[in-house]
Every structure is written in structure tokens, then in C-alpha cells.
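Structure record follows, encoded as C-alpha cells.
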Amino acid sequence: MTKPIVAIVGRPNVGKSTFFNRLIGERRAIVEDLPGTTRDRLYGDTFWNGREFTVVDTAGVLFGGEDPNLPEAEIARRTRAQAEHAIAEADAIIFIVDGRDGLTAADSDVADVLRTTSKPVVLAVNKCDSQERMLDAVEFYALNLGEPIPMSAFHGLGTGDVLDRLTEYLPPKTFTQEEERHLRIAIVGRPNVGKSSLLNRLLGQERSVVSSIPGTTRDPIDTTITYHGEPITLIDTAGIRRAGKIERGIEKYSVLRTLRAIERCDVALLLIDATEGVTAQDTHIAGMVVEAKKGLILVVNKWDAIEKDSHTYYAFQDQVREAFKFVDYAPIVFVSALTGQRVSHLLDYAREVYVQRQKRVPTSELNNFLREVMLQQPPMAVKKGAHLRLYYAVQPQTEPPVFLFFANDGELVHWSYARYLENRLRERYGFQGTPIVIVFRSRERKEER
């Protein structure tokens, strides 16, 4: 099931980031951070009252953050753009205002935009850290967005009330027959890299279309095909009409749409335009895939449009590897969606990555492996002179593969030794195209790297 997307909107300095961090900080995954992603987290999964959802810092998504020193007119324009983007892309909206500042013209302007949507809007009055401030929240009834809920994101006061109201609008977690397990591939990338052309080429190559399920104006379009007798769902993020007028540039490319596709897939095909080379946006999207712990294949498209000599392929491959060194496990495939060159290989690569994600190493074999690699390279501790021992290992889950190593003190394990173990695991067992997660647990408590 696709998690609902909840967008946080509001003026600068009203406490959006504090509220966002409080929500995300309440729930830690097995491994919170992975190497290779240095950007700020603009989104994350959380849950409340049995409802799981993805919360998004809309200002960060649209503008890479916010600058309160901008001219007032520019701040107003950006804040309004947040609201328009949220209306177009999110399933629900949390509109945060500042109880200390009181009602401002910019708040009213955003409210005018939000009242045009039928999507649920929760009005949260932040910085109400006293009884007097909470009473002042009634001023925001004037926005005609329902009952204003006082809260203090910094202290955590009232945040539960905001989430209680929000989850009234979110559907309970259910599963349908269409969600039976099979390979799901998301086609992602910047605008105009050939996502739709690739999808059309994949659909046109000796495969029968089982079903074509159109999404809403917010959802990617799913097309299920059969390939070698197995169903494969292709999730396309291109060519989807958007409701409402969005800021230029955002019209063509939606982070939320890409997030939704990545969250639902097993393997992402990240398209790179060979005529333009690797861009920062390409690596940013790869970072999304890493953070979601999904399989990844780097697809260099428009290879037919490049003038080549005997060194071109290797030089471009080196360029891609250098730019994406934080996903050095991802295969690189050079294709042309226009001519069909090597496109037929992509589904085979994706099927293999899917198999690698499901691979499980028996515990006895894993511990033989651990003894062997420790003989080659004893465990390294972060503290000089500290005594570190690794006792045994298990693989508690797949998709992605997670390896749990028990130590006398998990805090002592140096990050480079985690990398060493990952490299040795990949050398021995493959895991091509999928992240693997290394977790260290002390005998007394769990510690993660």
C-alpha cells in the first residue's frame, strides 16, 4: 500500500523544521543513516494512531531550505508556492503558523490558497508554550480553515493533538489483491531524460500487457506486464497531469511523485542523460533510493546520440562510477530508448537485483565467513587500545539484506570495519544492485552503524 504523503507548509521561522524533526525523530529505523548521503532529510516515514505516512518538508523540497532574510514579497511568493505544491501532490496538509507573531498577511494569503482544495488541512498554531499563548490561538479562526490547534513543536506540547486530528483523515492500513508480491520497477530521473520513451519501449518488446491501471493526478501510473511468465509492474513517474498551476520547473519534476514511486518499488531504474552527463539532481535522486533502501540500476540513456571512439564507453563509465561512488554496487547499463539498444537487458538486470535483495545466508555459513574475515583483518575499534570482539552474526531480514553482528561493545566498532565487512560480503555473496545493512549489537543493548 502506498503511504499517504503529508506536506508541512508555512512561513519561514514558524517552526516547520522543528515539528518535522520531532515527527521523524520519534521513530528510528534499523539504520538511520547510510554512507554517501550528505544532504538534509526533507522527508521521512512516521506513524501515529496506527496510521503510517510520509511527512515532507515542502520548503526544503522546493527551495532547498528557506532564508528569512529574503524580501517580504519573495517570502510570500515561496510560501504560497509551498501551498500550491502541497495541494497538487500531498494527500493531507499541515499548515503551521506562529502564535507569537499572531495572524499575518502572509498567513492569510496561504489560507486563501488552501481553502481552494478539498484535501484535509490541519491548522497548527506553533510556539504556544504557555496557557496564555494557547488562548491566543483562537485568533487564527479567522483563516476559516477549521479549529486552530495550539502546540509547541520545541517542547512537544500539543503535537499529539495535531497528529490526532491529522490521522482522522488518513485511511487505515489495508492491503488489496493487487498488492501480491512480485517485482515492481520504478522508472525515475530528471525531466526529459527519456522515462516515458523507455516505458513505451519496454512495453513494446514482445510482452503482453496484463493490466494498465491509471493513477490519480498525484500517483504514478502502474502497468503490469508478463516477462518470462512472471508479472512485473512498471511504475512510471513521467507524463502525469498535475492539478493546479505550480511554479515553473516544479511543473516538470516532482520530488513527491518520485518519492512515491521509489517507496513502492523493489528496484529503481535511474535514467541519466548521456548528452548532458551526470548532474547533482541525478545523484540527489540516487540518494533517495539509498535512503529508501531499494535496489538501484543506473541507466545511461540516449547513448545513440553520443559520438564515440574506442575510449568513450570506458571514460563515461568511469565518470558515472565517480559521481555515484556511494552506490558502487549498482550496475550501469548504457541504452537508447529511441532505438531500443540494450533496453531488453534492463528487465533481466532488474530481476537479478530482485533475487539479490531476497538472498539469505545461512547462519552457520555466515559465522564461518565471519571467522575467516576476522583472521584476515581483526576488528578495528574507534578507541585506541580498546578491546573489541565480534562473537557471531545472523541475517534477520531480507529486502534489503540486514546483517546483525554481536560484539562485546557495539559502540567500539569503527565505521571502516563495517565497510570492510560489507565489501567482503559482496565479494562472497554478490548482492549486486541492492544496499545491504550492517548492524552491530552489544550484548546489553543494540548499537547501530
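Cβ coordinates come from backbone N, Cα and C, glycine included.
Swiss-Prot lists 4-174 with the feature domain 'EngA-type G 1'. For 10-17, 57-61, 126-129, the entry in Swiss-Prot reads GTP 1 binding site. The domain 'EngA-type G 2' feature in Swiss-Prot is assigned to 183-358. Among the features that Swiss-Prot reports, GTP 2 binding site is placed at 189-196, 236-240, 301-304. Under the heading domain 'KH-like', Swiss-Prot lists 359-444.
Here the features listed in Swiss-Prot are painted onto the structure.
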| residue | record | Cβ contacts under 8 Å, 6 or more apart |
| --- | --- | --- |
| Cys128 | GTP 1 binding site | Gly99, Met134, Asp136, Ala137, Pro150, Met151, Ser152, Leu157, Gly158 |
| Gly189 | GTP 2 binding site | Lys195, Leu270, Leu271, Ile272, Asp282, Ile285 |
| Trp303 | GTP 2 binding site | Ala274, Phe334, Val335, Ser336, Gln341, Arg342 |
When secondary structure is assigned with DSSP, how many helix, strand and coil residues does the domain 'KH-like' (359-444) contain?
32 helix, 22 strand, 32 coil
Counting across all protein chains shown, how many other Cβ atoms sit within 10 Å of the Cβ of Lys16 (GTP 1 binding site)?
25
Gly10 (GTP 1 binding site) versus Thr237 (GTP 2 binding site) - Cα distance in angstrom:
27
For Asn192 (GTP 2 binding site) and Asn13 (GTP 1 binding site), what Cα-Cα distance in Å is obtained after rounding to a whole number?
35
Taking the binding-site residues one at a time (Asn13, Thr237), which has its Cβ surrounded by the most other Cβ atoms within 10 Å?
Thr237
Indicate whether Lys16 (GTP 1 binding site) is helix, strand or coil by DSSP.
helix
State the mean pLDDT for the domain 'EngA-type G 2' (183-358).
81
What does DSSP assign Gly189 (GTP 2 binding site), in three states?
strand
When neighbour density is defined as the number of other C-beta atoms within 10 angstroms of a residue's C-beta, which of the binding-site residues Gly10, Asn192, Lys195 has the lowest density?
Asn192
